[in-house]
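As given in Swiss-Prot:
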- HIS40: active site, charge relay system (ACT_SITE)
- ASP85: active site, charge relay system (ACT_SITE)
- SER177: active site, charge relay system (ACT_SITE)
- CYS7-CYS138: disulfide bond (DISULFID)
- CYS25-CYS41: disulfide bond (DISULFID)
- CYS73-CYS229: disulfide bond (DISULFID)
- CYS117-CYS183: disulfide bond (DISULFID)
- CYS149-CYS162: disulfide bond (DISULFID)
- CYS173-CYS198: disulfide bond (DISULFID)
- 1-222: domain 'Peptidase S1' (DOMAIN)
- ASN21: N-linked glycosylation site (CARBOHYD)
- ASN78: N-linked glycosylation site (CARBOHYD)
- ASN129: N-linked glycosylation site (CARBOHYD)
Amino acid sequence: VIGGDECNINEHRFLALVYANGSLCGGTLINQEWVLTARHCDRGNMRIYLGMHNLKVLNKDALRRFPKEKYFCLNTRNDTIWDKDIMLIRLNRPVRNSAHIAPLSLPSNPPSVGSVCRIMGWGTITSPNATLPDVPHCANINILDYAVCQAAYKGLAATTLCAGILEGGKDTCKGDSGGPLICNGQFQGILSVGGNPCAQPRKPGIYTKVFDYTDWIQSIISGNTDATCPP
């Protein structure tokens with residue numbers, strides 16, 4: 001996260017660190033057994049850490065889990081990287097709520113343009129040269145009009161959100177992918193992609209719109225693994 005500060009240790013109990021083949025992503029615990037992240041974070045040797053804050057000094061309740069099952073949406077459009085960038089992971093063992101671990105529920109309404117949203121992650125705090133922090137950084141950004149992202153990026157999928165600061169300076173960045181966008185306390189987005197370098201004016205982040213996938217997510221969690229994704 002660019003332009004943010006160290007997150008409060010108590011504000012990200014649902015935040016997962018997804019580490020796979022040397023690449024870093026975020027994720028969100030949505031109940032005791034399931035984590036949501038971005039599809040493009042899917043690599044081999046995936047490990048999922050919960051209850052983390054300082055990567056050098058582990059919390060006593062920090063846990064490591066592995067994916068037992070992974071669910072994706074099959075693409076219906078031409079395969080742009082922004083389309084259906086969502087992955088639902090079943091953990092190999094459930095986790096219990098503890099001092100630094102608790103799930104974040106799915107949204108009951110979609111966000112509106114102008115909403116203030118929290119971003120967070122262990123991604124780089126400088127760009128284009130990367131500086132990876134030991135602690136997650138957090139910042140506040142806004143849901144922007146979709147036209148801003150359409151002007152900045154070609155081939156956007158309809159099931160995405162556009163969020164950032166119009167004049168730049170605050171943004172998610174490399175290593176934050178898959179992490180949550182939390183607007184008015186609701187889990188609304190999964191970081192998909194953004195500008196390179198990060199935090200440039202009029203180059204906001206693209207987030208998978210969680211609200212559009214709630215039926216799919218709930219179907220899979222309840223055992224209907226043939227559930228279809230939104231178009």
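Backbone N, Cα and C define each Cβ position, glycine as well.
Sequence features, as recorded in Swiss-Prot, placed on the structure.
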residue	record	Cβ neighbours (10 Å)
CYS7	disulfide bond	21
ASN21	N-linked glycosylation site	8
CYS25	disulfide bond	29
CYS73	disulfide bond	20
ASP85	active site, charge relay system	26
ASN129	N-linked glycosylation site	7
CYS138	disulfide bond	19
CYS183	disulfide bond	26
CYS198	disulfide bond	26
CYS229	disulfide bond	19
- prompt: Just counting, how many other CB atoms are there within 10 A of the CB of CYS162 (disulfide bond)?
  reply: 24
Message: Across the domain 'Peptidase S1' (1-222), what does the mean pLDDT come to, as a whole number?
response: 94
- request: Consider the recorded positions ASN21, CYS25, CYS117, CYS173, SER177 and say which one has the Cα lying nearest the Cα of ASP85 (active site, charge relay system).
  value: SER177
- prompt: So which of the disulfide-bonded residues is most packed in, judged by how many other Cβ atoms lie within 10 Å of its Cβ, out of CYS41, CYS149, CYS173?
  reply: CYS173
Task: May I ask which of the disulfide-bonded residues CYS41, CYS138, CYS229 is closest to CYS198 (disulfide bond) if we compare their C-alpha atoms?
output: CYS138
Message: Please list, in sequence order, the residues in the chain of CYS117 (disulfide bond) that are at least six apart in sequence and whose C-beta is under 8 Å away from its C-beta.
response: PRO111, ASN140, ILE141, ASN142, ILE143, ALA163, LEU181, ILE182, CYS183, GLN188, GLY189
Field: Proximal residue to CYS41 (disulfide bond) among recorded positions ASN129, CYS149, CYS162, SER177 (C-alpha distance)
entry: SER177
- prompt: Looking only at DSSP and grouping its letters into three states, which state does HIS40 (active site, charge relay system) belong to?
  reply: helix
Three-state secondary structure, which DSSP defines for CYS149 (disulfide bond): helix
Task: Only counting partners 6 or more residues apart, tell me which same-chain residues put their Cβ under 8 Å from the Cβ of SER177 (active site, charge relay system).
output: CYS25, GLY26, ALA38, HIS40, CYS41, GLY123, LEU191, SER192, VAL193
Message: Spatially, which candidate from the recorded positions ASN21, CYS73, ASN129, CYS173, CYS229 is nearest to CYS138 (disulfide bond), comparing Cα atoms?
response: CYS173
